[in-house]
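**Q** Quick one: the structure is below, and I'll ask about it shortly.
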Amino acid sequence: MNAKEHFIATEAKVDEAAIAPLPNSRKIYVEGSRPDIRVPMREIRQSDTPASFGAEPNPPIFVYDCSGPYTDPAAKIDIRSGLPALRAGWIAERGDTEQLADLSSEYGRQRAADPRLDELRFPGLHRKPLRARAGANVTQMHYARRGIVTPEMEYIAIRENLRRKDYLESLLAAGPTGQKMAALLTRQHPGQNFGAAIPNEITPEFVRDEVARGRAIIPANINHPETEPMIIGRNFLVKINANIGNSALGSSIAEEVDKMTWSIRWGGDTVMDLSTGKNIHETREWIIRNSPVPIGTVPIYQALEKVDGKAEDLTWEIFRDTLIEQAEQGVDYFTIHAGVLLRYIPLTANRMTGIVSRGGSIMAKWCLAHHKESFLYTHFEDICEIMKAYDVAFSLGDGLRPGSIYDANDEAQLGELKTLGELTDIAWKHDVQVMIEGPGHVPLHMIKENMDLQLEQCKEAPFYTLGPLTTDIAPGYDHITSGIGAATIGWYGTAMLCYVTPKEHLGLPNKQDVKEGIITYKLAAHAADLAKGHPGAQIRDNALSKARFEFRWEDQFNLGLDPDKAKEFHDETLPKESAKVAHFCSMCGPHFCSMKITQDVRDFAAQQGVDEAEALQKGMEVKAVEFVKSGAEVYRNV
């Protein structure tokens, strides 16, 4: 074993940078109808408005928080022990699961029995895996269709609302100042939601109904009780996914756990472990036991490792064992490329970039080697039986997505999409949750066609897209080329956006790349929420704009998506503490700040007892008299 891998098992420590609370923020918990429903949010405290701007208190702002216990100073974090099993009681009280005596997966048992892996193994609590009792179905969709509102659904409703109703009522009850603040913070431009059904308030019953219809999913494997329930759907806040994972060329278990904790700190709603290197099973165990967000995988990657990378040697039996292995570890959703059909493969021959999906290319090679449809397609109902025994959601993979804008919206891509719609119907027959993966590389004017076709052919199952990248000319900046497409398709109705880092197409991302990708995609998701008119989406923008106008620099930093970078950029040119209260920044300096000039006009108006328009006119008249008295010279000697 190498030193890094030995270290992770014996002396593993959490990344200190990932557990510090964000500046001027604290974790709060909102209790539901029972004491074990405690929903986390982040409260950002603000300073008072300076006397020169009216001297008024500014209320805290509440934002969605994906970081789990990591940013709670009261939590004891030890990644060797893992996180508390938040959902264990909810799962047990339903009475439809059984604890297995041992792992069901042959490969899982082999790994557990191999003493050479002891140095790598997660040392914390090893729970016996759970599985649905014979004849039972344990999916959130199954409960929803039976009219059951689960604790997970109530948790999600509280989480999505972000205390907005109570917050508004408390402001209105605080007298004239609070009423003014309520009007200012809650002002929001009407959006265009393209036929979505976003309510003013999310209720547990609304969550249940959306899951029952298949318009939203709750990724929550019964073997991942550590996860904090979240929802992916068109009528909820737009979510983002962060990809992590080792490769044959680098990274270690320690680095991947650090990437996970780093991802959720900055706002990753889910994390996909796309490991293709060594010790995939052990890496995944460490990640899941320490993750408060849903974990997704592409099981065919690990199955391929089991046959030494030879796609043609893959079998249904190997893949089935891999699904069970990962389901019993607690993976919450599987990307499965079951829509890559034999007849679609020739349609990629004239593409500029062919088949760019790893999973898609693996299955295409298998189909051609055996000249028949893939076992993912022919055994799809068997896969559904596994999914509903553990509540693993499908993320139906777009194995034929375009890898260049040249190939966008071609026959292969859209043919596969139609097949994914047909597979969705089969999964729903089993009450298995489904989301649909989407492109890819698509120029801006062709994005809406993708969204419209997906809604039509996949019956409004949540869409989950990689970008899309809107141009191919910017290697090193593909977080931006894709962020443009992500904001656009999120506005049109995509439920979750898969981040792209600056390293896309170039290399394995490091921690800084992960952060860049997440911040870019949080920005895209928020822009989409604003454009859709999602209730309350503009509160944070209004608070930050007010702080900016009042030169409350620290509040500006703290209300932003990345307080550290905002402060760093400000302090590059104005590092002194006095600059944190200055009425200007280094862009315009003290005499040309537009906001300072506007405030001067307001002060002048107040002194003169007139409105701002009259103040501007009076000011112009005063300056005209000064000009004439000084000799009416355009240029003066100074």
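Placement of Cβ uses the backbone N, Cα and C atoms for every residue, glycine included.
Reproduced below are the annotations present in Swiss-Prot:
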type	residues	note
BINDING	Asn243, Met272, Tyr301, His337, Ser357, Arg358, Gly359, Asp398, Gly399, Leu400, Arg401, Glu437, Tyr464	substrate binding site
BINDING	His441, His505	Zn(2+) binding site
BINDING	Cys585, Cys588, Cys593	[4Fe-4S] cluster binding site
**Q** Taking the Cβ of Ser357 (substrate binding site) as reference, which residues of that chain separated by at least 6 in sequence fall under 8 Å from it?
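**A** In sequence order, the residues whose Cβ lies under 8 Å from that of Ser357 (substrate binding site) (at least 6 apart) are His337, Gly397, Asp398, Gly399, Leu400, Arg401.
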**Q** To the nearest whole angstrom, what is the C-alpha distance linking Tyr464 (substrate binding site) and His505 (Zn(2+) binding site)?
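**A** Between the Cα atoms of Tyr464 (substrate binding site) and His505 (Zn(2+) binding site), the distance comes to 20 Å.
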**Q** Cα-Cα, whole number of Å: Tyr301 (substrate binding site) versus His505 (Zn(2+) binding site)?
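**A** Cα to Cα, Tyr301 (substrate binding site) and His505 (Zn(2+) binding site) are separated by 18 Å.
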**Q** Measuring Cα to Cα across Asn243, Met272, Tyr301, His337, Ser357, Arg358, Gly359, Asp398, Gly399, Leu400, Arg401, Glu437, Tyr464, which the record gives as the substrate binders, how far apart are the two most distant ones in Å?
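**A** Greatest Cα-Cα span of the listed binding residues: 20 Å.
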**Q** Mind checking which of Arg401, His441, His505 has the fewest other CB atoms within 10 A of its CB? They're the binding-site residues.
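**A** Fewest other Cβ atoms within 10 Å, among the binding-site residues Arg401, His441, His505, is found for His505.
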**Q** Measure the Cβ-based neighbour count of Gly359 (substrate binding site), defined as the other Cβ atoms within 10 Å of its Cβ.
**A** 24
**Q** With an 8 Å cut-off on Cβ-Cβ distance and a minimum sequence separation of at least 6, pull the same-chain contacts of Asn243 (substrate binding site), or say none.
**A** Val271, Met272, Leu274, Cys498, Tyr499
**Q** May I ask you to report the DSSP-based helix, strand or coil state of Ser357 (substrate binding site)?
**A** coil
**Q** If you draw a 10 Å sphere on the Cβ of Tyr301 (substrate binding site), how many other Cβ atoms land inside?
**A** 19
**Q** Distance check, please: Cα of His505 (Zn(2+) binding site) against Cα of Gly359 (substrate binding site), rounded to an integer number of angstrom.
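**A** Taking the Cα atoms only, His505 (Zn(2+) binding site) lies 16 Å from Gly359 (substrate binding site).
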**Q** What is the total of other Cβ atoms whose distance to the Cβ of Tyr464 (substrate binding site) is within 10 Å?
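**A** The Cβ of Tyr464 (substrate binding site) has 27 Cβ neighbours within 10 Å.
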**Q** Measure from the CA atom of Gly359 (substrate binding site) to the CA atom of His441 (Zn(2+) binding site) and give the result in Å, rounded to a whole number.
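**A** Each residue's Cα considered, His441 (Zn(2+) binding site) and Gly359 (substrate binding site) end up 17 Å apart.
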